[in-house]
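Engineer: Supplied in structure tokens, the structure appears directly below.
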Amino acid sequence: MPMAPRVLLFCLLGLAVTEGHGLEAAVPIPGCHLHPFNVTVRSDRHGTCQGSHVAQACVGHCESSAFPSRYSVLVASGYRHNITSVSQCCTISSLKKVRVWLHCVGNQRGELEIFTARACQCDMCRLSRY
């Protein structure tokens, strides 16, 4: 192989590898992580007192899978449970209270405690009842 085509081939391979690393950086980090978000708290619908705070939420992706059920599961379910799925959800594993200072009409001040996430984990998915 002459020298010029060989150099061109290495340059193209280098470009392809470099481009691949750029794409990996755009993919979200796997797992379940704390994520900050702004919260505005009001004492009533009229906003007589209000304040803001950066609270923490749990955001991310956890593992899930589905596969054909074992024969024993098929028999036990009367051949109705033919797919077994396993999944976990990103959840708050511990909370903490934080104090939010409220600014009120007439230069008054107040305070209110709210909950924020302290730690996150991938755990069993549960139905929410809010």
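Placed from the backbone N, Cα and C atoms, the Cβ positions cover glycine too.
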Engineer: Tell me, from CYS104, CYS120, CYS122, which cysteine Swiss-Prot puts in a disulphide with CYS49.
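Structural biologist: Within the candidate set CYS104, CYS120, CYS122, Swiss-Prot assigns the bond with CYS49 to CYS104.
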Engineer: Can you tell which of CYS90, CYS125 is bonded to CYS32 by a disulfide, based on Swiss-Prot?
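Structural biologist: Among CYS90, CYS125, the record in Swiss-Prot lists CYS90 as the disulfide partner of CYS32.
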Engineer: Using the record from Swiss-Prot, pick out the residue from CYS11, CYS120, CYS122 that is joined to CYS58 by a disulfide.
Structural biologist: CYS120
Engineer: Which cysteine out of CYS11, CYS62 is the one Swiss-Prot pairs with CYS122 in a disulfide?
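Structural biologist: Of the listed candidates, Swiss-Prot names CYS62 as the partner.
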Engineer: Where the distance is taken from Cα to Cα, which of the recorded positions CYS32, ASN38, CYS49, CYS62 turns out closest to CYS120 (disulfide bond)?
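Structural biologist: Checking each of CYS32, ASN38, CYS49, CYS62 against CYS120 (disulfide bond), the shortest Cα distance is to CYS32.
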Engineer: Cα within 10 Å of CYS122 (disulfide bond): which of the recorded positions CYS32, ASN38, CYS49, CYS90, CYS104 qualify?
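Structural biologist: CYS32, CYS90, listed in sequence order.
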